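Here is what Swiss-Prot says about this protein:
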type	residues	note
BINDING	39-46, 66-70, 84-87, 151-154, 184-186	GTP binding site
BINDING	Ser46, Thr68	Mg(2+) binding site
DOMAIN	31-205	domain 'EngB-type G'
Amino acid sequence: MTELTVNQPLNYRNTGFITSAPDIRHLPQDTGVEIAFAGRSNAGKSSALNRITDQKGLARTSKTPGRTQLINMFEVTQGCNLIDLPGYGFAQVPLELKIKWQKALGEYLQKRECLKGLVVLMDIRHPMKDLDQQMIFWAIESRLPVLVLLTKADKMKSGARKAQLLKVRESSKSFGGDVQIELFSSLKGIGLDQVRRKLDTWFGPELERQLMLAAAENGETYTGESLSDKSDD
């Protein structure tokens with residue numbers, strides 16, 4: 001009997017780069033499940049992706065914030081992709097380019113059908129800037145769940161970061177929608193397991209869909225927990 005399960009956590013160490021695109025029109029086919037990562041240019045987005053996948057060089061970190069202008073796609077497993085969106089809000093980027101990026105980000109959040117969750121990263125010392133809030137509003141308008149990561153949590157002492165977490169959680173209630181706030185540190189691994197569990201939850205329906213297709217192709221019955229061969233009944 002062949003047994004397949006949807007409950008086992010994904011191995012994010014297997015994540016690999018697929019492609020880069022200047023906008024939504026140049027992305028691969030709109031299928032599977034995508035989880036997007038967004039944040040200001042100095043929020044530590046690339047470092048977070050590298051820590052989540054346990055790969056130091058997966059997402060390129062730049063010493064010049066605002067340099068990454070492309071949408072970068074990474075595959076965790078078939079049909080499950082992580083999307084690294086261009087950083088926003090860096091002062092030295094020309095206004096015309098800022099407007100172009102913001103338009104591309106809004107278009108992606110509102111029109112990409114396979115997008116099923118948004119991770120917004122914010123420096124814990126400077127959370128909820130105007131553009132951060134705009135990203136969350138766009139997601140809510142598109143009925144997307146949002147995970148806000150207060151990055152660089154190691155920069156604050158334990159008591160101070162807990163107080164900041166509670167403060168941001170309280171202020172986020174005004175958004176409505178599904179918005180979860182958590183602490184995160186790429187350096188210390190704070191919040192790492194929580195992020196991976198959330199990603200597993202968001203990817204779950206796609207993995208279940210694949211199991212159902214595999215069951216049909218192999219003459220098996222999908223029970224919701226595993227696939228059991230009919231011939232063994």
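Glycine too: its Cβ is placed from the backbone N, Cα and C atoms.
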What three-state class does DSSP give Pro86 (GTP binding site)?
coil
Between Pro86 (GTP binding site) and Ser46 (Mg(2+) binding site), the C-alpha gap once rounded to whole angstrom
10
Taking only the CA atoms, the spacing between Ser46 (Mg(2+) binding site) and Leu70 (GTP binding site), expressed in whole angstrom, is 13
So how many other Cβ atoms are close to Gly39 (GTP binding site), meaning within 10 Å of its Cβ?
26
Going by DSSP, is Gly39 (GTP binding site) part of a helix, a strand, or coil?
strand
Note: in the chain of Lys152 (GTP binding site), residues six or more apart in sequence with C-beta under 8 angstroms of its C-beta are Gly44, Asp123, Ile124, Arg125, Ser185, Ser186, Leu187
Any idea what the model's mean pLDDT is for the domain 'EngB-type G' (31-205)?
91
Binding-site residues compared (Asn42, Ser46) - highest count of Cβ atoms within 10 Å:
Ser46
C-beta crowding around Leu70 (GTP binding site), within 10 angstroms:
15
